[in-house]
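This report refers to the structure that appears directly beneath it.
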Amino acid sequence: LSALSHTLVPQPVTPDLLVSPSSQDGDLGSEGPEDRGNWTGRLDFLLSCIGYCVGLGNVWRFPYRAYTNGGGAFLVPYFIMLAICGIPIFFMELSLGQFSSLGPLAVWKISPLFKGVGMGTILIVSLVAIYYNMIIAYVLFYLFASLTSDLPWQHCGNWWNTDLCLDHHVIKAGNSTLPVNISNTVSPSEEYWSRYVLHIQGSSGIGDPGRIRWNLCLCLLLSWTIVYLCILKGVKSSGKVVYFTATFPYLILVMLLIRGVTLDGAWKGIQFYLTPQFDHLLSSKVWIEAALQIFYSLGVGFGGLLTFASYNTFHQNIYRDTFIVTLGNAITSILAGFAIFSVLGYMSQELGVPVNQVAKAGPGLAFVVYPQAMTMLPLSPFWSFLFFFMLLTLGLDSQFAFMETIVTAVTDEFPYYLRPKKASFSAVICIALFLMGLILTTEGGMYWLVLLDDYSAGFGLMVVVITTCLVVTRVYGMKRFCRDIHMMLGFKPGPYFRACWMVLSPATMMALLVYNIIKYQPSEYGNYRFPTWAEVLGILMGVLSCLMIPMGMVVAVLQEEGTLWERVQQASRPAMDWGPSLEENRTGVYVASLAGSQSPKPLMVHMRKYGGITSYENTAIEVDREMEEEDEEESM
């Protein structure tokens, strides 16, 4: 027994105790990512990324964007923009997160001068998380409403319907005798959405929110509760939930697709969706729309990818994962288009109107058009339940990512105080964001949701991504960044990635930013135009995330010493403890720069301590040799 206790006593805890809480910068390295947590399974990371990227936008934005921008021809700019903007920036974000094992704030040890970029990211993600969960609340509302034998938006004649309401069953019955004029009528599903679910007639505009809709408020509370329970233990719990939420939507999508394609008139919708109009490719708008779709669909710039990658092991093959996720995301969008447009084709045949009169994007598609189409099918409550369950699972894993990003970012800044209390801290953030989202549950809440949707992640997000790209390639240095990736993956990124990072991606995003500013249009919802003060509030939301960057610069410069230029130079260099978080991964230039590590030790000693030469340590020797050669060139 004494021998057993003797072997159990020496715990590797003492070195951690030697590091005092005052050495704030060094604590991350010494605590090590085992405290931070890692993914528990091989597929956790991949499925989390797929779940995060494949969201509501794939179903309600992509099909509509494709059909309005040249049908099948839209796939040409879509895939070109995926190659120029999507894949390279996706890979850059994953590399930054995995290399440093830090969240979107602490990762700016790479160049402390630009820490404001991380603050801007957190602000954007927080605003998006507020309204994204409200959309999930609407989905829950419809999910519960589908649990009946007769869908509540099937017929007119309810208390919320007006005289303009026209039931499609009536149209069908009267089709042979009277040509019905649909233009001045409203479908029952549209009145159900606007007059019953939103009760928007109780508000005169954004300045008059009206009363809280308690049923929506409870749905919002439920959606925040679900999100909290799933991120309770960080990536250990959310990494398991995504096995369901990332895969199940595909099963439902295939079911909806098979059901859609077997309906009468389905080919009409699909023809509409895919007929290529190549003349559209000459318009700049189509290319911009393709880039925007890629940008928002992959979720670059929100910090979610960086956060997820930071929980990986150091040598995880993120190069392969990048292609799996980005191409999988694109294929899902195209598939969703078939599922949506086959049903729209059937619907247009039933109503006797052209497809373009029934096609809509955004909430209008999910909560008005598709539910109306469901009422025309046999077993309509079943199909309606399936559709909304798919939207729920699509939305939830994107919301997990937003929350994980905020929690990780802040706990990585204060690991001593917050990491042990991560569950309580997550609860505080969920409650705060729920309270901020209460205005979205009022009768005029939809106006606020549109405002948040239009401005929270508009130009602010693009500025964040452009800055990140420029800092990594210009300030930190392309050579250094490629060397880091070499150290991590065993090979350097090829000329395609380097060309995109240096020139193509930032240039494309600059063009996007300029286009967005030039083509700026005030927000509107239906026929309602937003007042000037609401526009200003929206623009301030976007500008505030950009202002974080200069504010962060001022703070970083004030913390340094010397003349202004010296301070700027010092603040733009990587922090002393920048690099891999585990000491066995710190080779070459990163050896022994961790707090609490021994005096600088040569690579061979380092390898003797951590075992024989592996392929990665071969890489480390190569990296060291390259660095020596570079130093010699510079000295000459």
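Just so it is clear, glycine is given a Cβ too, placed from its N, Cα and C backbone atoms.
Here is what TrEMBL records for this protein:
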- 12-35: region 'Disordered' (REGION)
- 45-63: transmembrane segment (TRANSMEM)
- GLY51, VAL54, ASN58, SER297, ASN329, LEU394, ASP397, SER398: Na(+) binding site (BINDING)
- 75-96: transmembrane segment (TRANSMEM)
- 117-144: transmembrane segment (TRANSMEM)
- CYS156-CYS165: disulfide bond (DISULFID)
- 241-258: transmembrane segment (TRANSMEM)
- 290-311: transmembrane segment (TRANSMEM)
- 323-347: transmembrane segment (TRANSMEM)
- 382-402: transmembrane segment (TRANSMEM)
- 423-449: transmembrane segment (TRANSMEM)
- 455-476: transmembrane segment (TRANSMEM)
- 496-518: transmembrane segment (TRANSMEM)
- 538-558: transmembrane segment (TRANSMEM)
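Features per TrEMBL, on structure.
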residue	record	Cβ within 10 Å
GLY51	Na(+) binding site	28
VAL54	Na(+) binding site	28
ASN58	Na(+) binding site	24
CYS156	disulfide bond	20
CYS165	disulfide bond	20
SER297	Na(+) binding site	24
ASN329	Na(+) binding site	25
LEU394	Na(+) binding site	27
ASP397	Na(+) binding site	25
SER398	Na(+) binding site	23
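Listed in chain order, the residues near the Na(+) site other than GLY51, VAL54, ASN58, SER297, ASN329, LEU394, ASP397, SER398 are ILE50, TYR52, CYS53, GLY55, LEU56, GLY57, ALA246, PRO249, GLY299, THR332, each with its Cβ within 8 Å of the site Cβ centroid. Remote same-chain residues near the transmembrane segment (423-449) are listed as 126, 129-131, 133-135, 137, 198-206, 208-213, 216-217, 220-221, 224, 227-228, 231-233, 403, 406-407, 410-411, 525, 528, 530, 534 (criterion: CB distance under 8 Å, separation of at least six residues from the stretch ends).
Same-chain residues lying 6+ beyond the ends of the transmembrane segment (496-518) with a Cβ under 8 Å from its Cβ atoms: 81, 84-85, 87-89, 91-92, 284, 288, 291-292, 295, 458-459, 462-463, 465-466, 469-470, 472-473, 478, 481-482. The transmembrane segment (538-558) shares more Cβ pairs under 8 Å with 117-144 than with any other stretch in the list 45-63, 75-96, 117-144, 290-311, 382-402. For the transmembrane segment (455-476), the partner stretch with the highest count of Cβ pairs under 8 angstroms, out of 117-144, 241-258, 290-311, 323-347, 382-402, is 117-144. Sequence-distant contacts of the transmembrane segment (75-96) (same chain, six or more residues past either end, CB-CB distance under 8 Å): 66, 107, 110, 281, 286-287, 289-291, 293-295, 298, 300-301, 305-306, 308-309, 318-319, 321-323, 325-326, 330, 334, 465, 468-469, 472, 481, 484-485, 488, 493, 496-497, 500-501, 504-505, 508-509. Geometry remark: SER297 (Na(+) binding site) versus CYS156 (disulfide bond), CA distance 37 Å. Counting only the Cα atoms, the space from ASP397 (Na(+) binding site) to CYS156 (disulfide bond) is about 36 angstrom. The binding-site residues shown are GLY51, VAL54, ASN329, LEU394; of these, the one with its CA atom nearest the CA of CYS156 (disulfide bond) is LEU394. Calculated from their C-alpha atoms, the gap between ASN329 (Na(+) binding site) and CYS165 (disulfide bond) amounts to 38 Å.
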